[in-house]
Amino acid sequence: MFNTLSDRLTSVLQNLRGKGRLSDADIDATAREIRVALLEADVALPVVRAFIAKVKERAKGAEVSQALNPAQQVIKIVNEELVAILGGETRRINLAKNPPSVIMLAGLQGAGKTTLAGKLAKWLRGQGHTPLLVACDLQRPNAVTQLQVVGERAGVSVFAPEPGNGVGNPVDVAKRGVEEAKRAQHDIVVVDTAGRLGVDEEMMRQAADIRAAVNPDEVLFVVDAMIGQDAVNTATAFSEGVGFTGVVLTKLDGDARGGAALSVREVTGQPILFASNGEKLEDFDVFHPDRMASRILGMGDVLTLIEHAEQAFDAERAEAAAVKMGSGQLTLEDFLEQMLAIRKMGPIANLLGMLPGAGQMKDQLAMLDEKHLDRVQAIIRGMTPAERDDPKIINASRRLRIANGSGVRVSDVNDLVTRFFDARKMMSQMAGRFGLPGAGGKNNRKNAKGKKGKKGKGGRGPTPPKVRGGFPGMFPGGMPGGMPGMPGMPPGQLPPGLGGGMNELPPGVDPTKLKFGK
């Protein structure tokens, strides 16, 4: 969503890097470019004015003029002010001391409230809670049925005593839902209310009545980030009429300009608690202002990437795979398991987009096709357990059978097997060089022996083999280290700014203390 804005801001700030001291004229020109970029992104004018005024005031002050690197200091100021308009610190959801806690969802029709109710319930369930979804949207046809389907997918209970379709009293359903939660010992109640095509008296009155009846601990206003300033205006009107305690942004994976996301916190004064960026129930995250600002400025979001990995990977199995990788004993079964875990983290393009400097390879990311991963998955699933465990036994007749069974060409099977062996050999050698788990296996003993036998060459270590552009059917082109390839880039080469864009881990990240979820 923020691609265009991110490109503009990155370009503007990049022009400062080559300069030594910055004059007032340089700062004014930079501020003017930033102002245009924000307005084009549909950010509210009052927010833009306040943002630019703060940036100019600080940029012309002592903290920049006396800095060893004035350009870097200006970038730091822009980042800090961007974090400020997004809400400053991360705000966690408030829960009642005496359960059940009640969370009420409100917003316009089509903002994605019902789907978001399922996402929120699934997230709460993952946090160890037992949520109950209550269907109070009795106006929209099949809204109750939709919530029941979403609840089933999320693995949570749904309270829906009324069929909907314009029949029933939503205030009464909300009250009964809270009583049901107490009876069945659910610690959180998520109330899905009806939306309207626009803010009207009936919507306000019904929302106010539900709020008065259940006294929710949180009232979350669901904002469709794709409708721009209308979303901010609606949120403002709802805040004045009913009131809410937090905002949830939906459809952040869309291609709109995204100004609503940057404006709603500053205009309404209420924090953004969550963000939804996809259609799957897993595409739901706590909103971190600092991480979002980092993404907008093209610095990536490594912490969120790490969190997704912790949720997707099992600690013991990941460690066992690392040992196998280092000893050269990785099998296609292990590779399939790791690939499925990565896919659980979300679309590959989204994951790569969290890396620093990813904005410089947006054209390549746009060409990524998840169907390529489906083909690789089909090929491996078309093998017998023995073939996955030892691909060396896959002869010509077996390859023809696998190709016919998985709906691909024999050449695709050949490429997968060949590149798998290349990548496995290279991973083993890298493990020996860097002392990774499993180093010293059968593939490394030969290298160690060679080091002792040849005087003067021991310190160089093994030379990694050339990998033939990544695994077939995943992404065309090549990426280093056996990773999937990228179109338009030679094998073994990352796009400018991605490989060297981060010289150290973000503050507070200690790789020795990372814990993977089970």
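Heads up, the Cβ atoms here are built off N, Cα and C, so glycines get one too.
Feature annotation from TrEMBL assigns GTP binding site to 107-114, 192-196, 250-253. Using a 10 Å Cβ-Cβ cutoff, Leu252 (GTP binding site) registers 20 neighbours.
Annotated compositional bias 'Basic residues' per TrEMBL: 443-458, in sequence order.
The compositional bias 'Gly residues' annotation in TrEMBL covers 470-485.
Mean pLDDT across the domain 'SRP54-type proteins GTP-binding' (271-284) comes to 85 in this model. Annotation source TrEMBL lists domain 'SRP54-type proteins GTP-binding' at 271-284.
For 433-518, the entry in TrEMBL reads region 'Disordered'.
The highest number of surrounding Cβ atoms within 10 Å, among the binding-site residues Lys113, Arg196, is found at Lys113. Around Gly107 (GTP binding site), the same-chain residues six or more apart in sequence whose CB sits under 8 Å from its CB are Lys113, Gly195, Phe221, Val222, Val223, Asp224, Thr234, Phe238, listed in sequence order.
Lys113 (GTP binding site) carries a helical DSSP state (H, G or I). Residue counts of the domain 'SRP54-type proteins GTP-binding' (271-284) by helix, strand and coil are 0 helix, 6 strand, 8 coil (DSSP-based).
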